[in-house]
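If you look up Swiss-Prot, you'll see Asp318 marked as active site, proton acceptor, on the strength of sequence analysis. If you look up Swiss-Prot, you'll see Lys24, Gly97, Arg125, Gln172, Arg349, Arg391 marked as phosphoenolpyruvate binding site, on the strength of sequence analysis. The 3-phosphoshikimate binding site annotation in Swiss-Prot covers Lys24, Ser25, Arg29, Ser170, Gln172, Asp318, Lys345.
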Amino acid sequence: MEGENWRVAPGGALHGEARVPGDKSISHRAVMLGALADGTTRITGMLEGADVLATIDVFRALGVAIEGPEQGAVTVHGVGWEGLRPPARELDVGNSGTSMRLLAGLLAGLPFDTVLTGDASLNRRPMRRVTEPLAEMGARITTSDAGTAPLRIHGGSPLAGIDYTLPVASAQVKSALLLAGMRAEGHTCVTEPAPTRDHTERMLQGFGYPVSRDLATVCLEGGRRLYGTGVDVPADISSAAFLLVAASIAPGSDLTLRHVGWNPTRTGVVEILRRMGADIEVLSTDEVGGEPVADLRVRSAALRGIAIPEELVPLAIDEFPALFIAAACAEGETQLTGAAELRVKESDRIAVMAEGLQTLGVTVEPREDGVRIVGQPVLGGGRVHSHTDHRIAMAFAVAALRAEAPVEIEACENVRTSFPGFVELLRRLGMGVEVDGPHDRGTA
C-alpha cells in the first residue's frame, strides 16, 4: 500500500457537531451473524472501513450473497451454517485482528478446511490465546512456530462445549469461543477476569440465540438457530474518543457527537477522561437493537493527571492512544498499569506512543505493562511515525491542537480501517490538515 503522510497545523479549536463512523466491533459481528442466520439481515450505519470490508469479502468467498455497502447500508442474505461453502482461496482479513480471531472460532466447526491470513502486521500478532482454547473444544488449527497466522483450520472435527476461564480479559477470545460453541455439543461457558465488551452476547440474543450470564460467566448451548434481523450500528466510541480528547484539550472547543455507542462495557474512556476533569455531558440516551446510544457534548477543560484504575483498562483498551494525548496535556502526572495488552495491538502502542510523545518534548517513562506521562501546557512540534497503526496516527493528529509547531505523521494509510473520512471531519470542525499520499482517492 502506498504511504500517506499528514501535516497537522498547530493550535485551533473544535466547534459544531458530528457523527463519527459506525462501530467497528458491532459492524463485524452484524455481518458474521447475518451470514449464519436463516433469512435476510439489513444493516444500517455500518462502518465502511477496510477491516469490515475484509469480513464481508470473507463471507462472499464462503458463498454468502451480500449487497452493498452503500452509504452504510448492507443486506446479508443468510445461508445458515449448512449453507457456507468451501472457499477457493485463502481468506485474507488484511489488518483486522477482530476478523481473524472471531473467524477462527466460527470456522472451527465447519466440515471443510480454511486458511486465515492477514497483512504483515496482523501476521505478527499472537494467536495462541484463541487457538489453544479452541483446541480444548476439539478444533484442529495450526499456526506458525511463533503462534501467529496464517491459521490453517482443519474442518470436520466435532466440537464439544467447555468451561473456560480467560487468563487475560479479551472480548475477541470470548467471542471466538461463543461462536465455536454454537457448533459444539453441549454448553460452552466463558468466565472473564474483568468485564469486556459484550456486543457478541447482545447481538446473539438479537438474532434469536439464547445466551445466559451469571456474574462474570457467559454461557450458551450449541445447536440453536440464528434468524435474520435489522441492525442499526451506532457510532464507534473508539473513534469518538479522538474527538472527545481533541475538544477537551483545545481551549475554546464546544463539540456535540451524535448517536455514539454507549454500551457500558465500552465507556471506560469517558470515565477516565471525567476523572481527569473533562467536561463531557450526556445530552440524551436511547437504545437501538439492544445497544445503548447517546448524544455527547464535550467542552474544553483543564485536565489533571491521575492514576488510571486497573479495572477500567479493559473497558478502554482501544482508546489509550487518545488518552495518552490527554495525559500529555494534563497538569501533573498520569500513571497507567495493567495494560500489557497494548504491546500486542496493531503496533506496540506503549513503545510507539512513548517514542512519539518524546519527539514532541513530553516526559514519558514506558513500562512493561503501562506508562508514566508528565503533562505540560504546550507540546512541541515534530515528525512522528505511526508504524501504520491507525489509532497512533489519529492520536498524534489530535496532539497538534496543543502544539507550538506543526506535527507531521508518517504512514497514516491504515486510518481507513476504522475511520474513513477522518481528515475531512477534522477540517470541517476547524483543524488544518495537509495530506501527502493517496488520500485524494477518498481512502483516508
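In case you wondered, yes, glycine gets a Cβ from its N, Cα and C as well.
Features recorded in Swiss-Prot, as mapped to the structure shown.
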residue : record                           : Cβ neighbours (10 Å)
Lys24   : phosphoenolpyruvate binding site : 24
Ser25   : 3-phosphoshikimate binding site  : 27
Arg29   : 3-phosphoshikimate binding site  : 25
Gly97   : phosphoenolpyruvate binding site : 21
Arg125  : phosphoenolpyruvate binding site : 18
Ser170  : 3-phosphoshikimate binding site  : 22
Gln172  : phosphoenolpyruvate binding site : 21
Asp318  : active site, proton acceptor     : 24
Lys345  : 3-phosphoshikimate binding site  : 20
Arg349  : phosphoenolpyruvate binding site : 25
Among Lys24, Gly97, Arg125, Gln172, Arg349, Arg391, recorded phosphoenolpyruvate binders, what is the largest CA to CA distance in Å?
19
Determine, using Cα-Cα distances only, which of these recorded positions is closest to Arg29 (3-phosphoshikimate binding site): Arg125, Gln172, Asp318, Arg349.
Gln172
Quick check: of the recorded positions listed here (Ser25, Asp318, Lys345), which one has the Cα closest to that of Gln172 (phosphoenolpyruvate binding site)?
Ser25
Compared by Cα position, which of the recorded positions Arg125, Asp318, Arg391 is the closest one to Ser25 (3-phosphoshikimate binding site)?
Asp318
Which recorded positions from the set Lys24, Arg125, Asp318 come within 10 angstroms of Lys345 (3-phosphoshikimate binding site), judged by C-alpha positions?
Arg125, Asp318
At a 10 Å cut-off from the C-beta of Arg391 (phosphoenolpyruvate binding site), count the other C-beta atoms across all protein chains.
27
Taking just the CA atoms, what is the gap between Arg125 (phosphoenolpyruvate binding site) and the residue listed as 'active site, proton acceptor' in Å?
16
Sorry to bug you, but what's the C-alpha spacing from the residue listed as 'active site, proton acceptor' to Arg349 (phosphoenolpyruvate binding site), rounded to the closest Å?
10
Write down the Cα-Cα distance for the residue listed as 'active site, proton acceptor' and Arg391 (phosphoenolpyruvate binding site), rounded and given in Å.
8
